[in-house]
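Trainee: TrEMBL feature annotations, pasted as is:
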TRANSMEM  12-34  transmembrane segment
DOMAIN    26-273  domain 'G-protein coupled receptors family 1 profile'
TRANSMEM  46-68  transmembrane segment
TRANSMEM  80-102  transmembrane segment
TRANSMEM  123-145  transmembrane segment
TRANSMEM  157-182  transmembrane segment
TRANSMEM  219-246  transmembrane segment
TRANSMEM  252-276  transmembrane segment
C-alpha cells in the first residue's frame, strides 16, 4: 500500500461516491418494489431482500474499501471499524448472492422438491448462515489470528479469504448459472422436437426460431453480465495478490482505481437481477408516470394561462 495523503482520499471519494449513491438508490427502488407488492411476499423474495440489504450496505461501505489498502494513522478501534466492517459487508454480500443463486438453481434443477428445501423450512437458520460466518471470519484479525498466522505464512488471512472463500464462491455461482443454461437449452430442444412432431414438419417454424433467438439473447445477456460484473473484480483481486507475491508496493492510484471498479462492478449484480424483473420495478415506474403526468398537467395549465 502507498502512503496516505489527501489527493488519494479525494480520488477515492470522487470515484466511489457517485457509484455508491447509484447502488444505494437502485437497491432502495427494488426493495420498495418488493415491499409494496404483497404477491412478492414469499421466501424466495425474502432471500432476495436480504441480498439487496447486503448490497446496499456494500454500497455504503464502498468509499471505505479502497482506503483499506492505504497507510493511515488510526487508533485500534478505528482500525477495526475501517477494516473489519467493510470486509464483513463484502463477505455477507457474497454469501447472500450464493444463497440466492442456489435457491433459484434448485428451482430449475429439482422443481419437485423445491418447496421442501431446508432453507424454506428454516428461513431464520438460512439467514444466520449467510450473515454470521462472514462476521466471524472478518472479525478474526480482532482476535489476533492474523498476527499469529503471519509468523507461519505471510498474508495467510488474505490468501485464505481470496482462495478459500471468494474465488470458490464466484466459481460456484458461475457453475450454477452454466448448469441452468445447459438445462434450459435441453428443455428448449425438447419443446422444439415436440412442436415438430405435432406440426409434422422437418423445418424449423417461426416459433422455434423465436425460441432460439430468445435463448441466444439470454445467453448473450448472461455472458455480458458476468464479464462486466465479475471479470473486473477478478482482475483486481489477482493484481493485488500478484503484488503481495512479488513483495512490491503497489501504486496507490492503481489500487484505488482497480478496487473501485472491481467492487463496484460486482455490487451491480443484484441490481441487474432486480431491475430485470418488472414486478420489482413496477411501483417505481408507476410513481414516475404519476410525476410525469402531473408535470405535463402543470405545464399545460401554465400554457393555457
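Every residue gets a Cβ built from N, Cα and C, even glycine.
In the displayed structure, how are the listed features positioned relative to their neighbours?
Mentor: Long-range neighbours of the transmembrane segment (46-68) within the same chain, counting only residues 6 or more positions beyond its ends whose Cβ lies under 8 Å from a Cβ of the stretch, are 4, 9, 12-13, 15-17, 19-24, 27-28, 30-31, 34, 82-83, 85-87, 89-90, 92-93, 95-97, 99-100, 103, 119, 123, 126-127, 130-131, 255-256, 259-260, 263-264, 267, 269-271, 273-274.
Beyond the transmembrane segment (157-182), the same-chain residues lying 6 or more positions past its ends with a Cβ under 8 Å from any Cβ of the stretch are 87, 91, 94-95, 97-98, 101-102, 104-105, 108-109, 137, 140-141, 145-146, 149-150, 218-219, 222, 226, 230, 234, 237, 241, 244.
Within the same chain, residues 69, 154-155, 158-159, 162, 166-167, 170, 174, 177, 181, 254-255, 258-259, 261-263, 265-266, 268-269, 272 sit at least 6 positions outside the transmembrane segment (219-246) and bring their C-beta atoms closer than 8 Å to a C-beta of that stretch.
Remote same-chain residues near the transmembrane segment (252-276) are listed as 1-3, 8, 11-12, 15-16, 19, 23, 26-27, 30, 33, 48, 51-52, 55, 58-59, 62, 65-66, 69-70, 90, 93, 97, 100, 225, 228-230, 232-237, 239-240 (criterion: CB distance under 8 Å, separation of at least six residues from the stretch ends).
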Trainee: What residues in the same chain, six or more past the boundaries of the transmembrane segment (123-145), come closer than 8 Å to it by Cβ-Cβ distance?
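Mentor: Hits for the transmembrane segment (123-145): 43, 46-47, 50, 80, 83-85, 87-88, 91-92, 94-96, 98-99, 157, 161, 165.
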Trainee: Counting only residues 6+ away from its ends, which parts of the chain sit with a Cβ under 8 Å from the transmembrane segment (80-102)?
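Mentor: The answer is 47-48, 50-51, 54-55, 57-58, 60-61, 64-65, 67-68, 72, 74, 119, 126, 129-131, 133-135, 137-139, 141-142, 161, 165-166, 169, 172-173, 176-177, 263, 267, 269-270, 273.
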